[in-house]
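Q: This is the structure, below, for whatever I ask next.
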Amino acid sequence: MSGLEIGLWSFPALLALIFVRVPIGLAMFVTGGFGLWLVSGINLPLAKLKTETYSTFSNYSLSIVPMFLLMGQFATLGGMSSAIFRAAESWLGHRRGGVAMAAIGACAGFGAICGSSLATAATMSRVALPELRAYGYAGGFSTATLAAGGTLGILIPPSVVLVIYAILAEQNIAKLFLAAVIPGLLAAVGYLITISIYVRLYPGRAGVRAPVPYAERFRALIDVWPVLLVFGLVVGGIYLGWFTPAEGASVGAIGTGVIAFLNGGLRWRSLVESFMVTARSTAMIFFIILGAALYNGFLALTQVPQEISAFVTGQGFSPWTVLALILVFYLVLGCMMDSLSMILLTIPIFFPVIMSLDFGMSAEHTAIWFGILVLIAVEVGLITPPVGMNLFIINAMDRSTPMVETYRAVLFFVASDIVRVAILAAFPVITLVLLPG
Amino acid sequence: MHRKVTKLARFMAVLGGFVLVALILLTGVSVAGRVLNTFLHGSFMQGLSPDLAGRLIALGIGPVNGDYELVEAGMAFAVFAFLPLCQITGSHAYVDVFTAWLPPRASRVLRAVIEVAFAVILVVIAVQLHEGLQSKVRSGQSTFLLQTPVWWNYAASLLGAAIAALVGAYMAAVRALEAVSGRVIVAEGPEAVH
Amino acid sequence: AQDVTLKLHQFLPAQANVPKLILDVWADNVEKDSGGRIKVERFPAMQLGGTPPELIDQAIDGIADVVWTVVGYTPGRFPSTEVFELPFMVSDARAASAAYWQMFERHMKETEFADVHILATWVHGPGMFHTNKPVEHPADLQGMKIRGGGRMVNELLDLAGATPVGMPVPAVSEALANGVIDGATIPWEVTPALKVPELVKNHTEFEGAALYNLTFVLAMNKERYESLPDDLKAVIDKNSGLEFSVFAGGTQADADGPARQIAVDLGNNIITVSAADAEEWRKVVEPVYAKWVEDMAARGIDGQALIDEARSLMDAYGK
Ligand code: NA
Ligand code: NA
């Protein structure tokens, strides 16, 4: 077999491993390492491991991941997550579907300070799931709402997926964050519309509560000020160039940590528990990144990305057809893989393809716009049945709801996502309007 | 036995957590130092008392020297230190839909095979990291600014990598025993261990 | 049909000056001279994985067959090369690259570079400042965070009152854009590939001797080279050594002019420190020499002898 053939065979091999429940990072590690062995002998993968595990784990740009994860833990301990939920609920709770909308609003708010979709879904589920069930919301509707809301964690900046994209595509992180703001808000609005349609179709699946006096509503708003402060400092500081994303994450973690300590939420035991949560997610994410690094090095060596790029561009498809093919590919792939590995695997292949096409924009604008479209496409993957990380995490927290019910309800949110992708693809200006120059 | 190994993994995670917090604080101090340094050089302080400003600057108020490379080294240590807990709690991301229909027996065998493979990989990672450490000792490579030997960073990371390999081997043994005996020794899933 | 495929790995994008004007030329010549029996597969921008400081190990371990790398990315490993990185040491990249090769053969081949087969050694054009605020005197650097590409540059920056930040060159653009650094020390030649003239508006160049320099090597895996049949070894030999080193250093320095023009066209502020005004800078950075000689003494190397030899070889060049 030639290197190219080995490279092409590695795709089905990797998928087969993933389907038999091999952890994703391990599957990529093994496929990449074994592929390198076949192409170049056993010494090459072993020699790579002498320095590459260390250099992958010590990457300065990736240090943002555990920092934001820990910040999310502190925000929960400080009562900031539930404060956001109470504020949203006091304004929306009396409308049909209002509590679900409040959950979306809370996810959006939390997503604004948390960099990870899984962390947002997991954190907000702990707060909002019991509330939703208490208000008489159907199980599947509740879990689907939170699964979709959780994706706002990556859609609304800061976002780990965008950081990874920026590194792979050599783009400016601050500009990508800025470009993600309007699409992220559109996502939240789209989910609110989805909820109102859903409760109109199935009124029995959502409860309402008596309106809250305005005085109490404003009081709930005041409770949110620490969140707004930290959000303003972190996101604003990164945008204004006061600090790097990693520095912003540090400032945010210090801010939420201090607030949590003052609120009495951060003590020895809870600090240790937040280390545990951070440790598990960090190790999980970095092991996927390590596996992807090995697999990507192998793919590069076999020249498969170049060949696929040449094939796609050589077909004479129009740029828009190529873009549509890539986005559909992501929706399909999203049923099987998690967002980070999708980005890590595919951006080195598709990014040069997209950059070689003419969409009537500058190279930088094309890169940023494509990054946002990819971000949304992989995020949809998190909630598309049968495999979606957010679906699994939230369903695991509500054992009384069968998975199939979650699947059915989430399709409404997936539909709203697909409409949004189409709009943003057709009108790049929506994404690019906030960019300077 | 399981209690002891879990304790070790949690200890490493706490160690990594404190290093993470230290890096966060270091970065915070560096940001504060930079902001203050800019302020001391600014027209306000220079107009008020250039002498005082100069003396404060001479005290070293400014960004922390080598913060960038300290974050890199510390982060590698923290990630390696987090691996054992991820291993023992089964927190790695995987896809379970296509294997859900497997009979329990087959499922246990499959899990054992995967866990053994994982342990082998973790051992290889630790051994090769040790190789890398040896080569850094021989070459005498130092870091950019602090000019400390690079092998120190490798040595710190090797601690986590070695314990991860150990915990991986332990979990492989547990799953293999489960596959053979047919009884559950350690419940699966992140929620199972607290 | 080709007998041998060599993987050439390096850290800059394919369209940057060094890959385009030097490495591609080398690769094309090797392919041509071998009658197509050697094929050079080119992997730009660290595509084979790892980070720029790992490149030299990748050549030693055979992860790549040939690498181009900045020697200063691995401080402490190749101390003798630092003689060409001393401040105000180098006036002409061709002369320095020639001297570097001669001294490499005499002092470094069997010692510091014993693990790898070196094909060429060279330096870039004059190293200089690219900053967000104008820098004319050392005092202007007070409190600025400046990226340096190696140990010597960082010491120079430290003496001049700046806060040095060490990072490989591909990280410079994002660091400038994010405000992690206030400026960078790089030669003109690489500024377009890194979009530096768009990110900062001030450039400080020096008449006469360069403020600093970095040293490069084009390195090949040793076993790989030795395993080649004699006629293909001869092809590699023909395209390496003194002549290619001078070509590389000269070509890279010549690329400074067009790159400078881009900054001029953007209307950027270019400060040229005259040879007379450079005295002020020389005084500030003078201690670097004594400290380096001391450092070398600790390693059992006669630093002063290397300095003297480098100077006389550079003076003799072209005469
Ligand atoms: Na976010
Ligand atoms: Na999915």
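Heads up, the Cβ atoms here are built off N, Cα and C, so glycines get one too.
Sharing the feature lines straight out of TrEMBL:
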DOMAIN    A:13-429  domain 'TRAP C4-dicarboxylate transport system permease DctM subunit'
TRANSMEM  A:6-39  transmembrane segment
TRANSMEM  A:60-85  transmembrane segment
TRANSMEM  A:97-122  transmembrane segment
TRANSMEM  A:134-156  transmembrane segment
TRANSMEM  A:176-199  transmembrane segment
TRANSMEM  A:220-242  transmembrane segment
TRANSMEM  A:248-266  transmembrane segment
TRANSMEM  A:278-297  transmembrane segment
TRANSMEM  A:317-335  transmembrane segment
TRANSMEM  A:342-361  transmembrane segment
TRANSMEM  A:367-397  transmembrane segment
TRANSMEM  A:409-435  transmembrane segment
Q: Please give the sequence-distant neighbours of the transmembrane segment (A:317-335): residues at least 6 beyond its ends with Cβ less than 8 Å from one of its Cβ atoms.
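A: Same-chain contacts beyond the ends: 342, 346, 350, 353-354, 357-359, 370, 373-374, 377-378, 380-382, 384-388, 418, 421, 425.
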Q: Against the transmembrane segment (A:409-435), which of these stretches has the most C-beta pairs under 8 Å: A:220-242, A:278-297, A:342-361?
A: A:342-361
Q: Quickly jot the same-chain residues contacting the transmembrane segment (A:342-361) by Cβ under 8 Å, restricted to those at least six beyond its ends, or write none.
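A: 28, 161, 164-165, 168-169, 288-289, 292-293, 295-296, 299-300, 304-305, 308-309, 312-313, 319-320, 322-323, 326, 329-330, 333-334, 367, 369-370, 374, 378, 381, 428, 432.
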Q: For the transmembrane segment (A:60-85), could you work out the same-chain residues 6 or more beyond its ends whose Cβ comes under 8 Å from its Cβ atoms?
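A: For the transmembrane segment (A:60-85), the list is 102-103, 105-106, 109-110, 113-116, 119-120, 123-124, 126-128, 131, 158, 160, 163, 167, 220, 223-224, 226-227, 230, 245-246, 249-250, 252-253, 256-257, 259-263, 265-266, 270, 274-275, 277-278, 281-282, 285-286, 289.
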Q: With the transmembrane segment (A:367-397) as the reference, find which of A:134-156, A:220-242, A:248-266, A:278-297 contributes the most Cβ pairs under 8 Å.
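A: Maximum Cβ contact count belongs to A:134-156.
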Q: Let me check one thing: do the transmembrane segment (A:6-39) and the transmembrane segment (A:278-297) come into contact, meaning three or more Cβ pairs under 8 Å with sequence separation of at least 6?
A: yes
